[in-house]
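Peer 1: Please find one structure pasted underneath; my questions will follow.
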Amino acid sequence: MAIGAGGIRPCSLAFGADQFDKPGDPKNDKTLQSFFNWYYASVGMAVMVSVIFVVAIQDMAGWVVGFAVPVGFMLLSTVLFLMGSSRYIKVEANKSLLSSFAQVIAAAWKNRHHSLPQMIRIDGIITRFKPCSSNRKTQVCIINQIKILQHIYDVCDVVNVYNLLAFPLSFLNKACVIKNPEKDLDSEGLAIDPWNLCTVKQVEELKALIKVMPIWSTGIMISVTISQHAFPVLQAETMDRSFVGKAKIPAGSLGAFAILTLTIWVAIYDRILVPRIAKFTKRPRGLSNKQRIGIGLLLSCVSTAMAGAVEHQRRAMAIKQGLADKPKGIVNMSAMWLVPQHCLTGVSEALNAIGQIEFYYSQFPKTMSSIGVALFSLGMAFGNLLGSLIVAILSRATRNDGKASWVSNNLNRGHYDYYYWLLAFLSLLNFFYYWFAVKPMEVRTTAFGMREIP
């Protein structure tokens, strides 16, 4: 199951985006944003169906029938996917990126003592740049000459030469140095030894991955807060879950409010808010992906702090009612107090997760689009691991002098309010880290599609 999910989740989103991606269309960015929004919303709706209806089928008809239902849906989706195969836009698979990255690092290391000349290789085209007298003049000179090259060769990828010859991660540029054309290149202008000479495309792919890592790392902390599914369930089990009349909401179903809020928010944002926000921001997408990531991180801090406040009140009432040693006792407090934190979590996830996915997709070439989406899933995985590590550390560190730890099995003796507030504090630190990490990536785009340092 894990292997199958690892193949489907990164590739399905990237493959779907390829069907809508039309770089020449002025509305392309807005179209892709809508696709990402509705894709994530559809995933949320699928989770709701599985949590509510599939679980109900399992309860009524047993596990065999319960597992047979998703098997049937997967079989149906496979048939539908194959039926439309001939109509899909299919981007050719790239060669192994791991070997390509290793070649860039090896070539840059071998050429570390060589200075960057005015002659480089752009995917088979040997290009010579005129020397300029100073760094700033060199920057302008190179930009002007790249514009000429783009006009002559009519190759969009030539714009990446600016990033290569410009300044971030410049030590990798030496992987493209042609020391001796007769020894380094064959008769067709290709590298004889790819471990000594790489293309601009190879270097740019590695640079793109390195550049997004600071932003990617900020997604780990919000994954920690989103992955806290078990603790709210334990809280809800000790609270009054009456809903309408004598009907009671199952403790595990309260998390559906987060998914429901996420789905509703996506619809409201995409159809109502984006056109209005675009009038102020002058962007067709409303908020930029980096702004949405930041707002999502901030809302995550608020939702976690709110969870701590609710738990603080629940614990105080439990002790007041004499339930300190009765962890299964029902506190005279409605479980509906847990709904606001779930709703805020849903909004923060919608903003941050979709913003991350769109950001990665925009930073990588199309041949790496699935890698970009996989980074999001990898961040979620790291978040789950980090969350488990934090719980394990707190369980040991806060258990002393016979007192229960913060994360004790007895919620009334433990201090889950302190635990939530600790996560809120770490999330706030993570927000400021994001603020500083995103600053170096603030770039503007010229008419030629090149990103310039402001």
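Cβ coordinates come from backbone N, Cα and C, glycine included.
OK, TrEMBL features for this one:
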- 37-57: transmembrane segment (TRANSMEM)
- 63-83: transmembrane segment (TRANSMEM)
- 209-231: transmembrane segment (TRANSMEM)
- 251-272: transmembrane segment (TRANSMEM)
- 293-310: transmembrane segment (TRANSMEM)
- 371-397: transmembrane segment (TRANSMEM)
- 418-436: transmembrane segment (TRANSMEM)
Peer 1: When you look at the transmembrane segment (37-57) alongside the transmembrane segment (209-231), do they share 3+ Cβ pairs under 8 Å, ignoring any pair fewer than 6 residues apart in sequence?
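Peer 2: Between the transmembrane segment (209-231) and the transmembrane segment (37-57), contact is absent.
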Peer 1: At an 8 Å Cβ cut-off, counting only pairs 6 or more apart in sequence, do the transmembrane segment (371-397) and the transmembrane segment (293-310) clear the bar of 3 or more pairs?
Peer 2: no
Peer 1: Do the transmembrane segment (293-310) and the transmembrane segment (63-83) come together with 3 or more C-beta pairs under 8 Å, pairs six or more apart in sequence?
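Peer 2: No, since the transmembrane segment (293-310) and the transmembrane segment (63-83) share fewer than 3 Cβ pairs closer than 8 Å, they do not count as touching.
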Peer 1: Give residue numbers and ranges for long-range contacts of the transmembrane segment (63-83): same chain, 6 or more residues beyond its ends, CB-CB under 8 A.
Peer 2: 50, 54-55, 57
Peer 1: For the transmembrane segment (418-436), give me same-chain residues lying six or more residues beyond its boundaries with a C-beta closer than 8 angstroms to one of its C-beta atoms, as numbers and ranges.
Peer 2: 215, 218, 221-222, 224-225, 228, 231, 293-294, 297-298, 300-301, 304-305, 307-308, 311, 390-391, 394, 406-407
